[in-house]
Amino acid sequence: MRHSLPYRMLRKRPMKLSTTVILMVSAVLFSVLLVVHLIYFSQISDMTRDGLANKALAVARTLADSPEIRQGLQKKPQESGIQAIAEAVRKRNDLLFIVVTDMQSLRYSHPEAQRIGQPFKGDDILKALNGEENVAINRGFLAQALRVFTPIYDENHKQIGVVAIGLELSRVTQQINDSRWSIIWSVLFGMLVGLIGTCILVKVLKKILFGLEPYEISTLFEQRQAMLQSIKEGVVAVDDRGEVTLINDAAQELLNYRKSQDDEKLSTLSHSWSQVVDVSEVLRDGTPRRDEEITIKDRLLLINTVPVRSNGVIIGAISTFRDKTEVRKLMQRLDGLVNYADALRERSHEFMNKLHVILGLLHLKSYKQLEDYILKTANNYQEEIGSLLGKIKSPVIAGFLISKINRATDLGHTLILNSESQLPDSGSEDQVATLITTLGNLIENALEALGPEPGGEISVTLHYRHGWLHCEVNDDGPGIAPDKIDHIFDKGVSTKGSERGVGLALVKQQVENLGGSIAVESEPGIFTQFFVQIPWDGERSNR
């Protein structure tokens, strides 16, 4: 049976950075040094060969200008005395041969004396017989040699012979090989220095890369990108100059920024971002800024900015932020569910008490009183709860209203749901959360306005028609002063004293974000009435 292996084991792990760099640099060094070696060796070979040839030519020219050689060529080969002179020079300069010939190529000297008087062997002497110096590689009686030829002239500048000098080719090759070894050792030394430098470079790179391999860096980068784009919080990163270097999708949505449409570069965003969030203090002192509230394009954002350090040096900052309105919606949605649960719990205790009463009447066999009690209880439920659940189809809104009715009762006031109210459930959580925020704020404001003296009355009307929910909240409290009613929805304006006036501003913002509207009427000492209109997906939820 074949066992499956983990994915990481099946993947072929890329070559390590150190191995890759060493191999690449070694290959480049080897290629460069090989080319240098070939070129340099070729030049050294030519220079060595030319140097030996020039040395031989210098000796040949000296002999050609010698009076003894000129005079000797006027005699017979065996009587000329040239052999003794040539052999002395040959041995002194470690040459293979020195041959002096007349114009008929007859030898006047040779390392093998018996060949004196015989013709010179080789066609490479012909140029010299015609008055031209010549260098050639050829083989005579002795060995393969590098041979040079120089014409000999008398006092009247008439050519009377040729001096031929030979260098054993193996000697030339030996000198070239000796030079070649010095080149090879230089190349090997260069390779060694290059490898040592490469190892040092690899160590420096590994330190810069925190010991990570390239494929690990690639994996971390992909994971970082996936993480940044998957979180709901907006993320904006800046460098030590305050220039934006990174922005994730959530931040683009919250800031209404689209790179493909608004900017081809982040420079414009960097300028606007520095005006919205002051990161200079964070970059200068490294002091984090936490839980700051800023407003961007009618959105209330909760932002945290922290410095980014590398080796103790601040190299940038990261800001994370989230729509605070959304956070409040979630909290209010949770409050609605909690209120619904509390209302059910309270009603369960109430019904438990009523069941105990029914059980007691059964034991006492007071059937007439039992009948009256059950009928009264059923009527009360129908009036208070049954009618509400029949009109309000959203369990969350129903539970919320029940909790507010109970709260008003506990405070000695009355909260009434208008008999004409009808509210279908909505498929939009934003709409439900906004309605809970709106009703909660308006009802709580009304309860505070009614004060501790009991007997106040609050009425709520919810009417759905053609995709719109019309909501009215009335109370018979003290009303709103005329000088404040026009600014009642402004942030910081309140009838409850200082450090208040946020709730209605938030309600207005949420209602308008949905495309709705809110208005107020009030007559001091008589009433206050709020009118709210928001879109409501009631028809969609009933499909």
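Backbone N, Cα and C atoms are what each Cβ position is placed from, and that goes for glycine too.
Straight from Swiss-Prot, the features:
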- R107, Y108, S109, H110, K121, G140, F141, L142, R147: (R)-malate binding site (BINDING)
- 212-323: domain 'PAS' (DOMAIN)
- 346-538: domain 'Histidine kinase' (DOMAIN)
- H349: phosphohistidine (MOD_RES)
- 42-181: topological domain 'Periplasmic' (TOPO_DOM)
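Projection of Swiss-Prot feature records onto the structure.
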| residue | record | DSSP class |
| --- | --- | --- |
| R107 | (R)-malate binding site | strand |
| K121 | (R)-malate binding site | coil |
| R147 | (R)-malate binding site | strand |
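The Cβ of R107 ((R)-malate binding site) has 24 other Cβ atoms within 10 Å, all protein chains considered. Residue counts for the topological domain 'Periplasmic' (42-181) under DSSP, split into helix (H, G, I), strand (E, B) and coil, are 66 helix, 35 strand, 39 coil. Here the binding-site residues are K121, R147; the one with the fewest Cβ atoms within 10 Å of its Cβ is K121.
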